[in-house]
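K.L.:
Pulled the feature table from TrEMBL, pasting it below:
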- A:Lys207: active site, proton donor (ACT_SITE)
- A:Gly9, A:Ala10, A:Gly11, A:Ala12, A:Val13, A:Gly14: NADP(+) binding site (BINDING)
- A:Lys108: NADPH binding site (BINDING)
- A:Glu192: L-homoserine binding site (BINDING)
- A:47-58: compositional bias 'Basic and acidic residues' (COMPBIAS)
- A:140-313: domain 'Homoserine dehydrogenase catalytic' (DOMAIN)
- A:35-62: region 'Disordered' (REGION)
Amino acid sequence: MTLRLAVLGAGAVGGSVLDLAGEYGHEVVAYADSSSAVSDPAGLDPETVHDRKEREGVVGDDDPEAVFDTDYDVLVEATPTTLGDAEPGFSHVERALADDRHVVLANKGPVAERYADLRALEAESAGRVQFEATVGGAIPVLSTISDLGANHVSAARGVLNGTANFILSRMAAEGLDYEHVLAEAQDLGVAEADPSFDVDGIDAALKFVILANVLSDGDVEYRLDDADVEGIRNVPGTALDLAAEDGRTVRLIGEATADGVRVAPRLVPQGAALAVTGTQNIVQLETTHAGQLNVSGRGAGGPETATAVLSDVSRLE
Amino acid sequence: MSAQDVESDAETEADAETDGGGEMPKPHTVRLELVDEPGQLLAALQPIAENGGNLLSIFHERGNLTPRGHIPVEVDLECPPDRFEGIVDALRDAGVNVIRAGAEHFGEEVTLILVGDLVDSDLSDTLHRVEASADATVKDLSLSAPDGTQESSSARLRLAARSGKTEDALAVVREIAAEKDLHVVEPLTEESA
């Protein structure tokens, strides 16, 4: 069944959803960035829209709010993640659910900061909320948990920030210090000009808060404030050297367990499954009857995250 | 083949030795008590090999009897972390009296890294207080303090704590570190890594 998508957010993820929707048998009927929108009931042509955005800085002539007036089945919320009240993303979701439309989130804010509110709105709506893309990009973490049943997964741990992992694994491999590797990561586009969201552990913490919310299945609600978060700025090259001498290394590891959410640089054996290198991500699920289950892959990037978004869309068919 | 044989075959297959999937083997010490009868030692070693353990050394204290009149044997072996429990279980299933296994023998060991201004914050005082209040022993210390750089120094500590008290020891280290403005890079436990 072809679903009609309204995409909010014209960054790397929104843009890739626009490009790839057709390949998945769906069509994008509305598309908006922060200042403009374009819609076409017959489906938008990705190239035309991208061209205009590049030339004129807008995607169309309409107001962004206009997407809600189009005839769509699924709202894809891919605006930047915001903390606290998770606005404006949360209101976008609220509006779509009020109109009984489905929502697929790439924006972590609403699921990390207002999970109970979101679930309450979903319960009132004929629409459903999916958010695979918010945890680990293309890696099927939430769908794996959903298949297992959240009550059969006692904990999730792993590496869910490619930037921090790239920096730590480069420091360990090259014996370079943090500042040097950060600069290199910025040159390569792996780290942003302001890397704090990644290197201070906030991005990883949001993902593990989402995992904790999913695993607790509504019993306890977690927010970023509930997480114990430490980033990697304080990990010097000497710490990685000492770890290596002992057959270990340091990774920014997140944990969502019955004790809560914790993100911190941790010592792991060099050969351990969690010691992924570069921008790889991994999540290890502790199951009640089946031991540990690892899922790994690319945790970020436009086409990667759009892959998760479109898998979610297909689950709504 | 009897039903029982079939069952034990299936078990052997499930526990058959593999390369451990990239997990590095770790050394363990197992202390056994053997009855002084021929063939006892061989019978005790078989479950280790059959369950993916690699024998490193055997210290057979013949002539030195335990209070129960048995012969104490200390076996060093290495195996992937997730196999150790299976080895101990197999030994016990085979009727071998396992006195102490692995971590329990030395108490639990935990490796962590302290980062910060270690020298000015009096490293020896830090270690002393960890030992005094965490009921732990510092088994090993490596310090990396490059001079002439702005980078903070690091120390790798291997602590031996009493069985089941590792978390308490870590909590004490955390507390002392917070007080001295040091950072602790804690280990992920063996099972979870």
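Just so you know, glycine gets a Cβ as well, placed from its N, Cα and C.
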K.L.:
Identify all same-chain residues not among A:Gly9, A:Ala10, A:Gly11, A:Ala12, A:Val13, A:Gly14 whose C-beta atom falls within 8 angstroms of the centroid of the NADP(+) site's C-beta atoms; report them in sequence order.
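P.N.:
Residues close to the NADP(+) site, other than A:Gly9, A:Ala10, A:Gly11, A:Ala12, A:Val13, A:Gly14: A:Val7, A:Gly15, A:Ser16, A:Val17, A:Asp33, A:Ala78, A:Thr79, A:Ala106, A:Gly302.
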K.L.:
Taking just the CA atoms, what is the gap between A:Gly14 (NADP(+) binding site) and the residue listed as 'NADPH binding site' in Å?
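P.N.:
Their Cα atoms are separated by 14 Å.
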K.L.:
Sequence gap of 6 or more, Cβ distance under 8 Å: name the residues on the same chain that satisfy this around A:Gly9 (NADP(+) binding site), in order along the sequence.
P.N.:
A:Ala32, A:Asp33, A:Val76, A:Glu77, A:Ala78, A:Thr79, A:Pro80, A:Ala106, A:Asn107
K.L.:
For A:Ala12 (NADP(+) binding site) and A:Lys108 (NADPH binding site), what Cα-Cα distance in Å is obtained after rounding to a whole number?
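P.N.:
Between the alpha carbons of A:Ala12 (NADP(+) binding site) and A:Lys108 (NADPH binding site) there are 15 Å.
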K.L.:
By DSSP, how many residues in the region 'Disordered' (A:35-62) are helix, how many strand, and how many coil?
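P.N.:
Residue counts for the region 'Disordered' (A:35-62) by secondary structure: 11 helix, 4 strand, 13 coil.
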K.L.:
Give me the non-local Cβ neighbours of A:Lys207 (active site, proton donor): same chain, 6+ apart in sequence, Cβ-Cβ under 8 Å, ordered along the sequence.
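P.N.:
Set apart from A:Lys207 (active site, proton donor) by at least 6 residues yet with Cβ under 8 Å, we have A:Lys108, A:Ala112, A:Thr134, A:Val135, A:Gly136, A:Leu160, A:Asn161, A:Gly254.
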K.L.:
Taking every protein chain shown into account, which of the binding-site residues A:Ala12, A:Val13 has the largest tally of Cβ atoms within 10 Å of its Cβ?
P.N.:
A:Val13
K.L.:
Test of understanding: give the count of other CB atoms lying within 10 angstroms of the CB of A:Ala10 (NADP(+) binding site).
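P.N.:
Around the Cβ of A:Ala10 (NADP(+) binding site), 26 other Cβ atoms lie within 10 Å.
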K.L.:
Can you tell which of A:Gly14, A:Glu192 has the most other C-beta atoms within 10 Å, given these are the binding-site residues?
P.N.:
A:Gly14
K.L.:
Secondary structure at A:Gly9 (NADP(+) binding site) (DSSP, helix/strand/coil)?
P.N.:
coil
K.L.:
Which of A:Gly11, A:Lys108 (the binding-site residues) has the most other Cβ atoms within 10 Å?
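P.N.:
Counting every other Cβ within 10 Å of each candidate, the maximum falls on A:Lys108.
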K.L.:
Between 0 and 100, where does the mean pLDDT of the domain 'Homoserine dehydrogenase catalytic' (A:140-313) sit?
P.N.:
95
